[in-house]
Structures are given as structure tokens and as C-alpha cells.
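**Student:** My structure is below; once you've seen it, I'll send some questions.
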Amino acid sequence: MSKNKLSKGQQRRVNANHQRRLKTSVEKADYDDNLFGEPAEGIVISRFGMHADVESADGEVHRCNIRRTIRSLVTGDRVVWRPGKAAAEGVNVKGIVEAVHERTSVLTRPDFYDGVKPIAANIDQIVIVSAILPELSLNIIDRYLVGCETLQVEPLIVLNKIDLLDDEGMDFVNEQMDIYRNIGYRVLMVSSHTQDGLKPLEEALTGRISIFAGQSGVGKSSLLNALLGLQNEILTNDVSNVSGLGQHTTTAARLYHFPHGGDVIDSPGVREFGLWHLEPEQITRGFVEFHDYLGHCKYRDCKHDADPGCAIREAVENGAIAETRFENYHRILESMAQVKTRKNFSDTDD
């Protein structure tokens, strides 16, 4: 009956208690050191619950348990691990992850219930993939750029599907991309279909650990397939008969090696590159062309909107800052406020 139905808040508490009981039962079981070999260096290729796939120095991948003292382990982490020995004839013991090296960077995403969650580590570069289909959205590009600046990870903007552009369309797209080139961002124009522009992209990926970000349908998986080769193909669903756009199928973060050198972490977490956990000041700092004008407004509490004496707005009016970037800045702030309002309402729901 409806009167006995659990509320959302009660359901969350029941699920949380269940997960705590499961975790306690797992942690009670410790591991016998005699079952494992000598410590070795490795990198986490993927994480599955209480297990991780670790790649050793010789390129072999080993399924490992994780020491309960390790509080956080994600794809890209560099670790100390030990291989499992044969416990009995025909029975092999999984390896075990003993320790995690300090991270050079960590990619996170906000979560309504768990706060900020790490999804990948030691990223050198975030490749922001856009395309003219489903639409060329500068707002989405700007959101990713704010995330990159906040995480202090270098961005690379890649515009895919240029084979669909005629001369007029190419001129328009180049004009839009000049907005980013003019403020110091690198932009590459490619086609995963014709493979135009892939060579400069390969060079930009060599020697780095990258992660590809972008909205659904821009061809991230197709682009990765072209770069990785068929032996490492990241599968995509058949193109939708209704929309004509590819469907996203990646379910767990995983690290792949490019044949030309460099690595990529393919992760579904970047689809939800939320910014609502950031403060407005962090969003402002995420627009690099604003930096020279910060602190020069007439009022210290300037909102950089209709405030009198706003140095940033004056720069927009003088053409020193692109109007589209300024508009997207306020769209991001508005969307953050809306999401935080929904989150606060959800948190009070019993």
C-alpha cells in the first residue's frame, strides 16, 4: 500500500546501511602475506568494486584485490602491488594492491550523495571533443574549460566531423574556434571518418595520459577507435535510426595505450562534468581572459553583470573579451544556482 512506501530519504538510509554491512564483512577478511610474491610497480588499468586490473612493467594485466587500508583507488593510479602465488594445484590467488603513489592530478566529478568523487588519476591532458553535430555548443566547451582550469590540467579542444562542413561552414567554425585560439587554447580540426587531421592529434597525445570529454554524439568513441586501432577498439552501439547519432556504451573507466605512444583513460564519468560543487569565484577564475581585469572593478563585491564600473563588462564592450564567453559565464553561474537549489531540496526530502 502507498502509506507503507519508503520515502527517498528512507531508501537512501537503508541502502547506505546495507553497503556498510557489506563493507564490514569484506574488511573482516584479511590476506595472508605468504600468498603473494615480491612487491612491484604497476598502473591501475581499471577498477571494479573491491578489485582492480593492474598492468605490470612487462605489459601483463593482473586482477588484484585491494588492501582495506587503501581509501581511494582509481584508473591511472600508480601503485605498488604483489602477484598472487599458486595456493594449491590448479588454484591461483589474485594479486594485491599494497600502496598508491602520490598523484600528480586527479579528475573528479560532483555527486549529490557522496560529495566529490575521483574518477581518474595522473591525467596530463583533457581532450575536449566537440562537433557540428549534434550541435557546436560553445557553452559546453566553456564548461569543460572551467573544469580544466580548476583542476589545473591542460585542455586540448578537438573539433570532430569536419568532413561534414562545406567552405562556408568551415569559415564559420574557424571563426568560432578563433575565440579560443586568441586566449591561448590549442584547437585541432579532425575527422574520425576520413582521418583528416589525426596526425597532429596523435602528436599531441604522445607521451601523455589524456582523457576525452564531450557530449554524446560528437564521436568520442569513433575518434578513439581510429587512434587506437582495431585491436584495442572501444565498442559503440549501432547508430540510432531515429537520431542518426552514436550511442554511448562505455561503463567503466579504463586505460588504453596508443600505438604511437601515450595513453588514454576512457571514462563515463566525464559525461557528467558538473560544476555545481564549485564556488562562483572559482568559475570566474576559470575564464582565463578575465584574470587581467579581476580586482579592477569599482566595487569589491561586483557580480560582473550589470554592476556599475565592472571592468570585465567594459572589456566585453571594448571587444577585449568575447561576448559569447561572457554570456556563457553567466549561463554557468545560473545553472549552478539551479542545481544547488534542487540538491538542497532533495537533501531535506524525508
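Think of each number as a place in line: the chain as shown, counted from 1.
Every residue gets a Cβ built from N, Cα and C, even glycine.
In case it helps, Swiss-Prot gives these features for our protein:
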type	residues	note
REGION	1-24	region 'Disordered'
COMPBIAS	1-17	compositional bias 'Polar residues'
DOMAIN	104-273	domain 'CP-type G'
BINDING	ASN160, LYS161, ILE162, ASP163, GLY214, GLN215, SER216, GLY217, VAL218, GLY219, LYS220, SER221, SER222	GTP binding site
BINDING	CYS297, CYS302, HIS304, CYS310	Zn(2+) binding site
**Student:** For the C-alpha pair, I'd like the distance in angstrom between SER216 (GTP binding site) and CYS297 (Zn(2+) binding site), rounded off.
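**Tutor:** Computed Cα spacing between SER216 (GTP binding site) and CYS297 (Zn(2+) binding site) is 39 Å.
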**Student:** Does DSSP put ASN160 (GTP binding site) in a helix, in a strand, or in coil?
**Tutor:** strand
**Student:** Taking Cα atoms as reference points, rank the binding-site residues CYS297, CYS302, HIS304, CYS310 by distance from LYS220 (GTP binding site) and give the first.
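**Tutor:** That would be HIS304, the closest of CYS297, CYS302, HIS304, CYS310 to LYS220 (GTP binding site).
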**Student:** Within 10 Å of each Cβ, count the other Cβ atoms, then let me know which of the binding-site residues ASN160, SER216, SER222 comes out lowest.
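**Tutor:** Fewest other Cβ atoms within 10 Å, among the binding-site residues ASN160, SER216, SER222, is found for SER216.
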**Student:** Near the Zn(2+) site, what residues other than CYS297, CYS302, HIS304, CYS310 in the same chain have a C-beta no further than 8 Å from the centroid of the listed C-beta atoms?
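**Tutor:** Near the Zn(2+) site, beyond CYS297, CYS302, HIS304, CYS310, sit LYS298, TYR299, LYS303, ASP305, ASP307, GLY309, ALA311, ILE312, ARG313.
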**Student:** With every protein chain in view, how many other Cβ atoms are within 10 Å of the Cβ of ILE162 (GTP binding site)?
**Tutor:** 20
**Student:** Please classify the secondary structure at HIS304 (Zn(2+) binding site) using three-state DSSP.
**Tutor:** coil
**Student:** Return the single residue from the binding-site residues list (LYS220, HIS304) that has the minimum number of other CB atoms within 10 Å.
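**Tutor:** Among the binding-site residues LYS220, HIS304, the lowest count of other Cβ atoms within 10 Å belongs to HIS304.
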**Student:** Please name which of the binding-site residues listed here, CYS297, HIS304, CYS310, is nearest in space to SER222 (GTP binding site), Cα against Cα.
**Tutor:** HIS304
